[in-house]
Structures are given as C-alpha cells and as structure tokens.
C-alpha cells in the first residue's frame, strides 16, 4: 500500500506542477492575446478613421462633380422645355411662328436660363434679371 500511496503522491505532484505550468501558460497566452487584440483594435481604428476621412473626401468631390452635371443637365432640360413650349404655342396659334425665338428688335432670343450664371462650386445662384422676361399677352 505504501507503493500505492507513493505513486499517488508523485502523481499529485505531477498534476500540481502541470497545473502550475498550465496556469502560467494560460496567463501568458492571455496576456499575448490581449496585446494582440489591442494592437489589431488600434490599427483597425486608425484604418477606419482614415477610411472614413477618405470616403468623406471622395464623396464631397463626387457631389461637386455631380452637382455641376445636374445643374448643367437641368439647365439643358429647362431650355428644351421652353423651346418645346414655344413650338407648341406656335403650332396652336397662340403666337406667330415668325415671333418664335425673336426678341422685340427681331434678333434671335437667347434662352432665359442661358443667361443665368451657373457655378457648381458655389451654393448661391443668382436669378436672371427681369430684362430677360417678356410679358405674354394673348391675341384676342
């Protein structure tokens, strides 16, 4: 029985030593894991901040580009609409065809929207002067 007890004692010492080594190993591994997670987190944060700043800058550039294209497109559509309305008015007899597209002096009339200054980088747009408008008086 003495041999049995001695064997159990040695086994116990071995288990304690293994547990101690395991505890030390786990603590060391946990420390390294924490360092790794913090490092990855800090690099990810830097990357996210840089990425967000880059995306914000690119978005601003694209909005400026798209804004200019939209203003130009809207101006072109509006001009075509005015021209189309003039053609319809002439076709239906509201105005004479020889008056279509001419001002009071008989010169070709520029589109009202073409006289409007368009600056896509500037948020304030000026309205065209009242001189660009003509009063419409239907023929009776």
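Glycine is no exception: its Cβ is also placed from the backbone N, Cα and C atoms.
As annotated by Swiss-Prot, N-acetylmethionine applies to 1, with the evidence given as similarity to another entry. What Swiss-Prot lists as Cu cation binding site is 2, 50. The feature phosphoserine is assigned by Swiss-Prot to 87, 129, with similarity to another entry given as support. Under the heading region 'Interaction with SERF1A', Swiss-Prot lists 111-140. According to Swiss-Prot, the feature compositional bias 'Acidic residues' maps to 118-140.
Predicted-model confidence for the region 'Interaction with SERF1A' (111-140) is 55, expressed as mean pLDDT. Its own atom aside, the Cβ of residue 87 (phosphoserine) has 13 Cβ atoms within 10 angstroms in the protein chains shown.
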